[in-house]
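Copied from TrEMBL, the annotated features are:
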TRANSMEM  29-54  transmembrane segment
DOMAIN    44-293  domain 'G-protein coupled receptors family 1 profile'
TRANSMEM  61-81  transmembrane segment
TRANSMEM  101-121  transmembrane segment
TRANSMEM  142-165  transmembrane segment
TRANSMEM  203-228  transmembrane segment
TRANSMEM  240-263  transmembrane segment
TRANSMEM  278-295  transmembrane segment
Amino acid sequence: MQMASLWRGSFVSEFILLGFSLDPRTTPLLFWIFLMIYLLIILGNGLITILICLDSHLHTPMYSFIGILSMLDLGYTTTTVPQMLAHLASQEKTISFSSCVAQMYIFLVLGVTESWLFAMMSIDRYVAICHPLRYKVIMSPWLCGVMVIFCGLWGVISALVYTIFAMRLPYCGPNKINHFFCEVPAVLKLACADTSLNDQVDFILGFSVILIPLSLILIIYVNIFIAILKIRSAQGKLKAFSTCASHITVVTMFCVPAMVMYMKPGSKASPEEDKKLALFYNVISAFLNPIIYSLRNKDVKRAFLKLTGWARSQNEFA
């Protein structure tokens, strides 16, 4: 029995992902561009995860959160990009109903978890800058573990609600999704029923998974900036601002496009704009995160040189 029959009123057994509306002659170029970006995402985020695991100097709350962020980015993009590449490389663009549901759910779990992880990372920065002497006591391994578990549980529960409300609707045709993966707003457009309740649920959930974390981040950074302005050392101010700027940039790239996508009514959604937004918070942010957040960091560079043995060679040469 197909999974489609397990969902009330669902008659479609598979969907067709239309992907990008481009000239067929540009498809090979697009394939190679996304393939290179995906490989760089794996390389950058994978390298950061390995360095944080292997180097004891990076076993701190901040780098632990960055390592988890890198793993989430890897999972996030792997949920969608390989399939997008396969569809770009062939004429077969179908996805089964059950695979669509699974992709939607996994994508939402990782996305919501990442959204709340950014809020936890801002708390870490607040304690480090505003209470440096008590940082190790407050940000204990136990508290960090609880924060990560909270993010994961919130992701699992929110994604379950999103997915159940989306797939409880009847899908009796057409079955062409104007997107490059099974994302909730795109799939809802194919429902053979009124989706106004889904719009309300998505808007309400948007508060808990996007607006509340963003508001928490905003409040925390206001307090951080007030504390930074009280620092007498110019070098100390610059270092604190640099750390904050990296985090704010990453948060903005991920949360703002996601908020626009999931909190606007379905009737106002433009398929082409939605694809661009999804590319930004799904692919581009995962590609830039290692560059913005970690590869510019001296500690990470030192760990990389130590792992490769270049640091030892430089010391011997010196």
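Even glycines carry a Cβ here, placed using N, Cα and C.
TrEMBL annotations: computationally assigned, not manually curated.
Computed from a predicted structure; not experimentally measured.
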Ranked first among 61-81, 101-121, 278-295 for CB pairs under 8 angstroms with the transmembrane segment (29-54): 61-81
Spatial neighbours of the transmembrane segment (240-263) far in sequence, C-beta under 8 Å, 6+ residues away: 111, 114-115, 118, 121-122, 125, 129, 183-185, 202-203, 205-206, 209-211, 213-214, 217, 221, 224-225, 228, 231, 274, 277-278, 280-281, 284-285, 288-289, 292-293, 296
